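Only one structure is covered here, and it is reproduced in the block below.
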């Protein structure tokens, strides 16, 4: 009991609203508890409830994803609550009842508990105070970060269909690593909370606590020393502390508020790492393969960096040890990677090889080197080196290495234990991806972020076995990142323009928001909408506008004939064409643009019938800021709602 009571502090930090309490109960009883019981049934307990619940939560998420897919595929997603209830009922059977108890308790010191409790409480407080406060939840904001509206569109889509369609281009496959969004969709189905509430305010909170728990478990597993887990949790939490006194757009990596896929994928990756170490190097049972494959699929479907990092870890350990089991594990992970490519892979189009491409988007690079080449453009080497700006490039590289010191510290772990080479393999892949891949959206950073927990675990192992001088070096390098966060904030002030997110390019007018909410309340989830809101801001004109407009697909949560296409693989692959970023490329579906534009500006019965017959359109969301909207529309189809410059017409079923 004395080890459970401190966790009430975490609950107090996280349960800041009644909706948060409701979501917390859901997460505990539908995700963490079933997953913990499954973990013990397939493998064993780790000897304490905290680590069991950490690993169990991600196992439970994988299990929930199975239930979500089955129930949604047959249209019974509103009955998804039965899935965890049936799971818990199964463990009431005499044969499985023992899974509710820890057969061989191995309690961790009370200092470990307090260390994790303090880290988790500070992480949650920083997230709520510093990041969630910055991102005002719809419909109360004036503008919204475009990635959040894009994720919101996917959550809505995943509550209605398996396999999902691309909400912005009805009828097209959703090519994205969407498993984190599916986890949110399952939460929406069971809690009956809105997708907006789940995404903007609730989903990330318990997963941040789980991230700390699994990273601490990995550190303790490799070092066999309890306090290295506290060190890992502290290293993840410390960079967030400035958020207690200021707001910011995002958490400091490797966790993320703006990228749920990163946070979810990171947890799955670390969990697989723990299980692989137990299986390959600690004589774990063969039943671990079941958990490893399930969680590797979950990780691969969440973030494309997960499987390469795991393959690198197993691959280097296999080269060092040359054992059949490690070779088989590596081959299996490659097979899992191939499977995810055939199912949910996406978001990697436009990537190319370019050494040190990450420098191009680093602050100060252009002024030091004179190079203004955008991400995703150029040859095999960063243009500043090709153009002779060697000193400026070296200076930028050194600054990046210093900022990422925590991810370098783990390389000190070199030793004869194959577990060390497992960790090094993960770190090597993380750094190779970071330094050699050039993605239009700078997503190469996620390679390093995904590998960071392995570096923290390795650094803790070094600290636990090193002499005092080496220990000091490790601790200094680990805490360069939080010092950088505080110094940067003190010198520049908040990097954002104000205490909440306000951005002219992402501006959404009140009539647009209220009309989108009316549409959400008065249409069926599967209804299709024709809209002209594909640009941001909405009054920008194509061609050449920023095609990240998600008013209808995001705020209203409905499928559209065409809306913002910037994050499609087709657009990303066109990065740099005509001197434009991928976000400003013309639509890959010009026929849809032409049809919607014509139907709004010069409507005829034939055009409207074509929208209905070809794309299944039920509603027209016509925003006169975005383009011409003919008054003749009201003569051809019923006007159902009007607010300011936005009108909604009903084409009928």
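Residue numbers in this text run from 1 along the chain shown.
Heads up, the Cβ atoms here are built off N, Cα and C, so glycines get one too.
According to TrEMBL, the transmembrane segment annotation covers 23-43, 80-96, 108-128, 198-219, 226-244, 264-281, 288-320, 326-345, 389-413, 419-437, 446-464, 470-487 (among others).
Two recorded stretches are said to be in contact when at least 3 C-beta pairs lie under 8 angstroms, sequence spacing 6 or more; the transmembrane segment (446-464) and the transmembrane segment (23-43) fall short of this definition. Within its own chain, the transmembrane segment (80-96) has Cβ neighbours under 8 Å at 29-31, 33-34, 37-38, 41, 63-64, 67-68, 70-72, 186, 189-190, counting only residues six or more beyond its boundaries. Note: the stretches the transmembrane segment (288-320) and the transmembrane segment (23-43) are in contact (3+ CB pairs below 8 A, sequence gap of 6 or more). Across 23-43, 108-128, 198-219, stretch 108-128 shows the highest tally of CB pairs under 8 A with the transmembrane segment (226-244).
Same-chain residues lying 6 or more positions outside the transmembrane segment (198-219) and placing a CB less than 8 Å from one of its CB atoms are 10, 14, 17, 19-20, 23-24, 27, 31-32, 46, 50-51, 53-55, 57-58, 112, 116, 119-120, 123-124, 127-128, 132, 135, 137-138, 148, 151-152, 155, 183-184, 187-188, 191, 228-233, 236-237, 255, 257, 260, 263-264, 266-267, 270-271, 273-274, 453-454, 456-457, 460-461.
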